[in-house]
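Let me begin by presenting the structure, written as C-alpha cells, before commenting on it.
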Amino acid sequence: MNHIKLIDCPIDVTYAINLISDPSCGASSIFIGTTRDSFQGKKVVSLAYEAYENMALKEMDKICSDLRATWPDLKHILIYHRLGTVPENEASVVIAASAPHRSAALKAVTFAIDQLKSRVPIWKKEIYEGNHDAEWKENSESIRPKKSLSSFNYSVCKVDESRVVSRNLVQIRANDCELKNRVECFFKRKRAEINSCNVIDFKQSNLSSNINSDTEVDVSCARTQSTISKQEQSNCHLKVRRATNRCGPQQMQFRPEYKHELSRLTASRVSTNEVGESLQNSRLHSIETYMGLTSKNNENIINRIKNVENRILLLESTSPEYQHFFEQSCMDQPEKKIKTNKTYSAHELRVYIHRKNKECP
C-alpha cells in the first residue's frame, strides 16, 4: 500500500513505522530528514517549505509506481513531507518501505529520496539568525537545466558515419564560418535592395541659400527640411498603378451575347423539306455522337442542327480564349500558286510564227 501525504504539522515517526509494518515483511527501512542548525557558518533557525500540492502528490505517486516496478517485493511505501515552517531538529520528510528482505527496502528508500529531491515541486527557504536575509535553496539533485541552451555540448552527440553519402547529393559544402558570412551578406544585399526600392516621399531642401543646388547635403532632417512631392494626376504622394485584367470575372460584362448572336447568324430561311433532301442524316448523326447529343432520325433536321450549334456555343462560352485569344496560324492558310512568265528563245519564236502561218492560209 502507498501512503502519500503533505502535512503542515509535525510528523509522527512512530505512527509512520506502524503503517509500514507487516507480518510478512522481514525488513523495514526508514529515512528521516531533519533541519540542521547551521549552513556555511550561519545559524539556521528554521526552514520554510512551499509546494505545488496537486503536482507534488502526482509526482510522489509516480515515484511509488517506479519503486514497485523496480522492486516488486515491496509491501508498503510511505512518503510524508512537511510544509510550512520546520524548526531545527524536527523532521521535514519521512520515507519508509517494508519488504521481505532488507536489500529491496534499503535500495527503495535511497532511490525514493533522490527522486523526491529532483522531481517533486517543493521549494525550501532557509531562515537565519540575526540580520542575515533568508535564502531560497535549490536542491542539488534537481533535473532542471542550470545552463543555457547555447552552452550545449554538441560533441557529446554521436554521429552515425557508417553510411557514406555521395558528395553529388550535398548541395552546400561550406563550413560554419562561410555559411554565417553568406547569411550576413544576403541580409546586407536585401537591405540595400529594400532601401533602393522604397518610395521616396520627401525631397531634401538645401540648408542655406548660398549652397548650390547640385551640392549634396550630408546632414539634414526629413521632418523640418523637406517638402512633399505629389505624383502627377493623383492626390497622394505615393505611386498608384491600375491593373487591367484582360480575362476574368471583371470582363464578363464586356463579352458579347454568344447565344443571341449565334441564333441571329444561324437563322435559316430554307424550308425543312429542302434541307432534309439536301443533307445526309448519317453525317449529322456522326456530329451529334461526337458532341454527346442524342436525337432521332425522324426529328426535324433544323432542330437537330440547332442543338449542335447550342452545344458548340456552350463549349465556346466556357473557354472563349480558344476562339478570341489565338490568332490563325499561317500554316492553316492555303498556299498561293506563284505565276511565272515563260521566256522564249529566238528559235522558238520563229518556229511558233511558222506554225501559225501554216494554220492560217
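Keep in mind that glycine also has a Cβ here, set from the backbone N, Cα and C atoms.
Annotated in Swiss-Prot:
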BINDING   His101, Arg102, Lys117, Lys124, Lys125, Glu126  substrate binding site
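Mapped onto this structure are the features recorded in Swiss-Prot.
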residue: His101; record: substrate binding site; CB count, 10 Å: 12
residue: Arg102; record: substrate binding site; CB count, 10 Å: 13
residue: Lys117; record: substrate binding site; CB count, 10 Å: 17
residue: Lys124; record: substrate binding site; CB count, 10 Å: 18
residue: Lys125; record: substrate binding site; CB count, 10 Å: 14
residue: Glu126; record: substrate binding site; CB count, 10 Å: 20
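Counted over all residue pairs in His101, Arg102, Lys117, Lys124, Lys125, Glu126, the record's binders of substrate, the longest Cα to Cα distance measures 38 angstrom.
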